[in-house]
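The structure appears below as structure tokens.
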Amino acid sequence: MTTSRKSHAKDKKAGGEQDLADLKFRYDLLTNELFHLREFVSLVDYDPTHFNDSESFQKFLRETHLSLEERGEKFTDDVAKKGTNGDLTRRRRNLRTSTVVSSETTNEKKGDIELKLESIAPLVRNKCEELKYKLSDHSNRKSIVPQKRPIQHLKKREAAKSLKFKSERKENPLPLHEHIAEERYDHIAKVEEPSEAFTIKCPSDDSSFENTSEHYSDNFYFTTSSEEEDIKKKRGRKKKKPRIKLVVHPPKQTITNPLHVVKPGYESLHEYIASFKSLEDDLTLEEYNKYIDEQRRLLSRLKKGIENGALKYDKETDSLQPITSKEIKTIITYKPDPISYFYKQQDLQIHTDHLINQGIHMSKLFRSSTKARIARAKKVSQMIEQHFKHVAGAEERKAKEEERHKKSLARFAVQAVKKRWNMAEKAYRILRKDEEEQLKRIEGKQHLSKMLEKSTQLLEAQLNQVNDDGRSSTPSSDSNDVLSESDDDMDDELSTSSDEDEEVDADVGLENSPASTEATPTDESLNLIQLKEKYGHFNGSSTVYDSRNKDEKFPTLDKHESSSSESSVMTGEESSIYSSSENESQNENDRESDDKTPSVGLSALFGKGEESDGDLDLDDSEDFTVNSSSVEGEELEKDQVDNSAATFERAGDFVHTQNENRDDIKDVEEDAETKVQEEQLSVVDVPVPSLLRGNLRTYQKQGLNWLASLYNNHTNGILADEMGLGKTIQTISLLAYLACEKENWGPHLIVVPTSVLLNWEMEFKRFAPGFKVLTYYGSPQQRKEKRKGWNKPDAFHVCIVSYQLVVQDQHSFKRKRWQYMVLDEAHNIKNFRSTRWQALLNFNTQRRLLLTGTPLQNNLAELWSLLYFLMPQTVIDGKKVSGFADLDAFQQWFGRPVDKIIETGQNFGQDKETKKTVAKLHQVLRPYLLRRLKADVEKQMPAKYEHIVYCKLSKRQRFLYDDFMSRAQTKATLASGNFMSIVNCLMQLRKVCNHPNLFEVRPILTSFVLEHCVASDYKDVERTLLKLFKKNNQVNRVDLDFLNLVFTLNDKDLTSYHAEEISKLTCVKNFVEEVNKLRETNKQLQEEFGEASFLNFQDANQYFKYSNKQKLEGTVDMLNFLKMVNKLRCDRRPIFGKNLIDLLTKDRRVKYDKSSIIDNELIKPLQTRVLDNRKIIDTFAVLTPSAVSLDMRKLALGLNDDSSVGENTRLKVMQNCFEVSNPLHQLQTKLTIAFPDKSLLQYDCGKLQKLAILLQQLKDNGHRALIFTQMTKVLDVLEQFLNYHGYLYMRLDGATKIEDRQILTERFNTDSRITVFILSSRSGGLGINLTGADTVIFYDSDWNPAMDKQCQDRCHRIGQTRDVHIYRFVSEHTIESNILKKANQKRQLDNVVIQEGDFTTDYFSKLSVRDLLGSELPENASGGDKPLIADADVAAKDPRQLERLLAQAEDEDDVKAANLAMREVEIDNDDFDESTEKKAANEEEENHAELDEYEGTAHVDEYMIRFIANGYYY
């Protein structure tokens, strides 16, 4: 038994190896075929006996996952995964019985598989040799005819199955390796054939084939021999496999049209598959020869198609392509089906189209309904799901909300506690800071007292020295008086009476006390050297310059004393340096009104409310100014003069001005004259430099002397003359003095605002052309070019640059050494924290000069900025002391008294300590400042006279003015009291007063044009009726002329010769021949149709033939008619002939002699007559007709439709009229358009009538005028007026560019032929100096009176040599006269409301509607007595808001001009505006609110502060 079993096991193992070798052989064969297909695309050259073993073949197996190692690993993994499924018992049973895929092989590793492959390699090679032998034997047996032999039942089924798959391969090709395997081998699985053609069998366990090729079909798979034996053994069980049968029942066809029914060519699928045959097995010799013949015929057809051009060879696709109809370019007649053709013409559809459309529509409906149901179901399911989720998480969500609420409460409590502790910490710091400040304040007062005491002693020494110098030229008593007067002035009007002088002098230490009076004669007897020894310990403050001067020696004391004394006396003797003479004495009524009105302090002007002393925040950007009219002076002592009032000057000099009685005015003027004389004696006179072209006025020469003394004493200074006094020329004269006298040619640096950069350059070229001036501006590249070579000596003398560019290129400017640095408009350099201020401070300069047109401001930070810029360090007792370098200490010294001034306003004079501290502050700055006002030097300037010219309204103006006032809408507007509505009405009234054309333009008259006259409507109807009548007559009437029955007409046009020639042109014979041919053709067509009763239109051929027949009949009829016409025209014969009639006719026209004079006068061309009567036309052609008609020309010339003139003649005449020039064009134009007369421009306006008389007088006397107006449209009217009178003029308005203004002003100032310069008051004031004119005419007054003052200053300024006359035009009995009258009653300055040059709301807040309109105001106006602007309105508090409201009532051009003017005024803001970050103002309010919240818990706050003070908090 054991031996038999062993032998049986060996046989079984040998059989297993044989089967495995067979599988390996087939695997190699199939993989080689796939690789050959991939590489060469075709199997034509494929050799099955060649087994590839290259690297590319192995790479191909790895990429396609066909390697046996990978397949084995995948098979084992799949088996391991599928072993867990309990429903695959049948598959596991098959795997256990299998000899190849056993449970032992599943655990084999990669090395075992390679060993098995090597063991079966000889068997595989034997299989390969057998295949070679079979292939060679098969090639030898090809010539033998295959004989049919009986085959078994299984082979029949396999053959049928192979045939079936061959047919399916043609329709649905399968992978080639499967087909080759099926064709060449008989190792095919035995599967039962389906019983029906439409039944598909699907095996239940498809997963058993996953270990084999994935491309095998479901019905065929490869198995080992052991599996085949197992299948044969299991057949006896008769166990049926589960099958799925799919039975298809196609629907019955509903279309009954036999053309639409498709009949299959085969009755069953089996017959269809059996129709395919294999070339190798199933074909006989006859069938093969027949197949070869068919292929030959097909090939010959293809060649013929290529030769004929029906086919073409495509190289890209390597195939034959048919030729399209476009390429053939042949016309293919398309004859559609008659029924479809008939349907297409009527836009109908056949039955098939209806069915298809209905099916498409129904399918869309089904799809849309299905989608809608699915969407609704999804929505409902989501709602249900969300509901249950919400119900499930309610408790958890409630718990989370409670926890979140507890956390928020805890967080709020922690924040509140922390906030409270922070507040306590801030309070502790404030208390601690107050204590430290108190200590510093005590130390600062001691330091300040020492410093001011030394400054006071220095000033005493300077005054005594000046007294010595003045004694040589004047008596001692006079010098003492002058000295006392100068002392009174230098005290900044701290004294208003002799008693007050003594009191203040005792405090300040500057006046003549008994001790000082005793020392005075002793000092007078001493010389300069002895004074130096006596006051040597009083070392005055001197300026220490930048780093380059640190090694230089400091100036000696005598220089400081002389410079200080000279500058101080100069400033003391000029009454305008620290005292304002602008505030004249006011009468008792004004004083009483001022006493009644409450004073507004500086804190109210700031708009920030009152602040405590400790919390006062000084803002650098604010302008601490107090208007002279808003501050009242009160009595300082009981013995003070009653009419003296202390005012706080707006310029900010912290001074009091003394108002004297009218009787004392003369005494004051005499004192001023004596002071001017003393100034000339006290200041060292310097010669006028030769480089300067031009004459300096007296005060300008004194300014040069003062500037020269500053330079000689090595001191910086501030020239603060009022605007218009010539600070520019004084600066140029200083630089010229340095060049001529000191041989100091610079270079000097002048930093100016951008707007006046060009003005400075022009002033240098005008007054000092000897200087080399470098104007530094342009792009970065241009500025770089200008810097090239500027370090060379004498490259330039003066450099003019703007503030913006000097900061941008500060590195280049810092490297250069400058002699003098001049800052124009220096009052704008007030923010010491800005980079601009720091950059200018660090420049390498020897001297510094500040130019400002406004006095010093009250802001301590600005004062400190100027002091530090002039004196970065001071020297006291021979030591460097940064006296003003510490801003905090400076504010502590002077801040509290100035804060009291700001807070209390007018009551600051009651505080003696405050008054003395302010005086000390100005004593420090006094030696370095020079300021003069226009009022002080007005005797040296031309006088200014103002005249008011009243103008009557013209008739047209009065009519428009009264008509506007009488309107119901105007009355309602004035009665409403609305400010904007009233201003609109006032603006309209002002337009009427300026010129009526601004309110209502005088119209240009034209005639009313009618396209047709009245009779033309009836003529159209008549013409239509006549045409209808003529049409009926033409139908019934026979044309005899056409039939040659009117014989007399032939003699009118034809000659005998022409008639004979025309008769030869007859062609009747040709017509007859063509007609006969067409009739024969038509006869043939008629025979084809026969006697058909009706025409079948559904037959296209029959329809086309019928249409051709109809065309032939029409052609025959037309040719017959043409034959008759030709015959009638050629048969015309004249009786006599035109040639014979012309020969026998005599011309009766008389020829006139053209040389006769009488004939020439009678017969004149139209153009000559028009030229001769031109004067008559110009004189009397003035009446424009009210209405004209355009068709009258045709009626006058006889060119209308009803004219008896023929149509051809009318066309010729009309054409000639178009070609001929119209000599009556001028006459037609004058009668068509009536322009207003030019003289009406003047006589319609009363102001222009007065202006015409005034300009004639000014021109005769050699005067030149400036005419200003607010409205831009008035400039247009003035232009027309000046052109009408022939005046040379120039115009400047808001549209004029800034660079063009300089050219216009220079031309006007130099060209005396130009009489008038018309300007807009809104045209801007930058760069306009019109001193060439001596007359200013205000055609109308501006809303803003500051604009009028600015316009006056353009003419009345430095450089004017003649008296200036100002004429203001006012219309009588109008709004303008009422405003002027009210202004005179209130005694406003210069008849306009000007308050320190600012535009205030007093202009409207003090005027009511009744004041403006007078008796013309309606009686029912309820608010007539109320002011235009109430005190509570926003416009009353904000002038800018008022300007915006007025702009809404003005024209658009005027508003644009005003905006441009304001923009130019603020053009320099970019140079100076560098604001710092500020804290929000509402922080303090929040802190107060927080403190109020915890009111009543002081004990807790005290505990917290004590806790922090004891050091437990930190």
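Here the Cβ of each residue, glycine as well, is placed from N, Cα and C on the backbone.
Here is what Swiss-Prot records for this protein:
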type	residues	note
BINDING	D721, E722, M723, G724, L725, G726, K727, T728	ATP binding site
COMPBIAS	465-480	compositional bias 'Polar residues'
COMPBIAS	484-508	compositional bias 'Acidic residues'
COMPBIAS	513-524	compositional bias 'Polar residues'
COMPBIAS	547-563	compositional bias 'Basic and acidic residues'
COMPBIAS	564-586	compositional bias 'Low complexity'
COMPBIAS	588-597	compositional bias 'Basic and acidic residues'
COMPBIAS	612-623	compositional bias 'Acidic residues'
COMPBIAS	1475-1490	compositional bias 'Basic and acidic residues'
DOMAIN	339-411	domain 'HSA'
DOMAIN	708-873	domain 'Helicase ATP-binding'
DOMAIN	1247-1400	domain 'Helicase C-terminal'
REGION	465-524	region 'Disordered'
REGION	538-641	region 'Disordered'
REGION	1469-1490	region 'Disordered'
MOTIF	824-827	motif 'DEAH box'
Chain-internal residues, separated by at least six, CB under 8 A from D721 (ATP binding site): G703, K727, Q730, G853, L930, R931, R932
Residue counts (helix, strand, coil, in that order) that DSSP gives for the domain 'HSA' (339-411): 67 helix, 0 strand, 6 coil
The motif 'DEAH box' (824-827) - residue tally per DSSP class, helix then strand then coil: 2 helix, 0 strand, 2 coil
Cβ-Cβ neighbours of G724 (ATP binding site) (radius 10 Å): 13
Residues satisfying Cβ distance under 8 Å from E722 (ATP binding site), sequence separation of at least 6: G853, R931, R932, L933, K934
Integer average pLDDT (0 to 100) for the domain 'HSA' (339-411): 87
Binding-site residues listed as M723, L725, least Cβ neighbours within 10 Å: M723
Other C-beta atoms that fall within 10 angstroms of the C-beta of G726 (ATP binding site): 20
For T728 (ATP binding site), the number of other Cβ atoms found within 10 Å of its own Cβ: 21
K727 (ATP binding site), number of other Cβ atoms within 10 Å: 23
For T728 (ATP binding site), the three-state class that DSSP assigns: helix
